[in-house]
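As given in TrEMBL:
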- 25-43: transmembrane segment (TRANSMEM)
- 63-80: transmembrane segment (TRANSMEM)
- 100-123: transmembrane segment (TRANSMEM)
- 143-161: transmembrane segment (TRANSMEM)
- 181-198: transmembrane segment (TRANSMEM)
- 210-230: transmembrane segment (TRANSMEM)
- 242-259: transmembrane segment (TRANSMEM)
- 279-297: transmembrane segment (TRANSMEM)
- 304-324: transmembrane segment (TRANSMEM)
- 365-389: transmembrane segment (TRANSMEM)
């Protein structure tokens, strides 16, 4: 009897300790690092639009590098602890690399992402000193920086989902709720990054042509559908989209509260406040459709499911952004909420096409019809890849 009671007590203690440690500190740190990266990037774009001149240690860069350092340090500590101060059983739960290190897949993504980001810093400084200001978001050093950012944000998301997959039966409601929102935060910040890197195709002035919708059919289903499929929780795509929208909109509302002025010439637009970047796309609307389709038809044939998801996404995304882009060009969107007053200091505020669609960017009905058919095909392929990716994520446990 005493032995039986001892076994029960020991197992209860073991389960209690497992629950207490179900969310390691490095996961919280990685998600916070992802937040620093997402907001730092939006601030950096605003800095280029408003101030122009920046350096290696400009405030937005420091926030971005802070994310890299936090993610790299906490993940590195976790890997070192697993490698040299853990039991064989604990090591077996991790991936072995370089012969001596043991770490989770998410932690390794975060470490390599941090290396890429911190390597890009002196590269970007040299690039500016040699070639001057960037004319595109994706200059070579920014591409390396962006790769590192995405690796960290993907690592944060994988760290959360692997914990969910590994400890499904050992989580109480509080832990489940924490993991649910950590996954929403990490995936939402990743969506901010993905949108920002492709945002040059999504200016409101260009949304009456088919090409932006073809780009959207590639990019957004790939990430939104994969998250919806991988998550064990309902409305994962919607929560991801809400975090994306709140992060983007929050920076639109916050940045103009602070004074700033151009430090480079020529100054064509005289401003005294930070100019925010884009108001977010209304991705919550198609994301809800993705969630409903996923909840009802998740076990269907994957190609059929991919087709339904692509149709559901595009049939709501296209009209939503079509008419929302029209609204963003009206005077009603030029207040603080939508932030369409924003304009870089180096752009003429009296330009002919500031609040109208660009010449040549309004496609004919025939061209739209053919182009949107291609967008649907692209969306189906993107959704099918996303389902495979989501299925892989749903099985990751290390």
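Note that Cβ sites are derived from N, Cα and C of the backbone, with glycine treated the same way.
Automated prediction, rather than curation, is the source of TrEMBL annotations.
Same-chain neighbours of the transmembrane segment (279-297): 191, 195, 202, 220-221, 224-225, 228-229, 234-238, 240-242, 244-245, 247-249, 252, 304-305, 308-309, 312-317, 320-321, 324, 328, 333, 338-340, counting only residues six or more beyond its ends whose CB sits under 8 Å from a CB of the stretch.
Put simply, of 25-43, 63-80, 100-123, 210-230, 304-324, the stretch with the most CB pairs closer than 8 A to the transmembrane segment (181-198) is 25-43. Counting Cβ pairs under 8 Å that are 6 or more residues apart, the transmembrane segment (100-123) and the transmembrane segment (25-43) reach 3 or more and are in contact.
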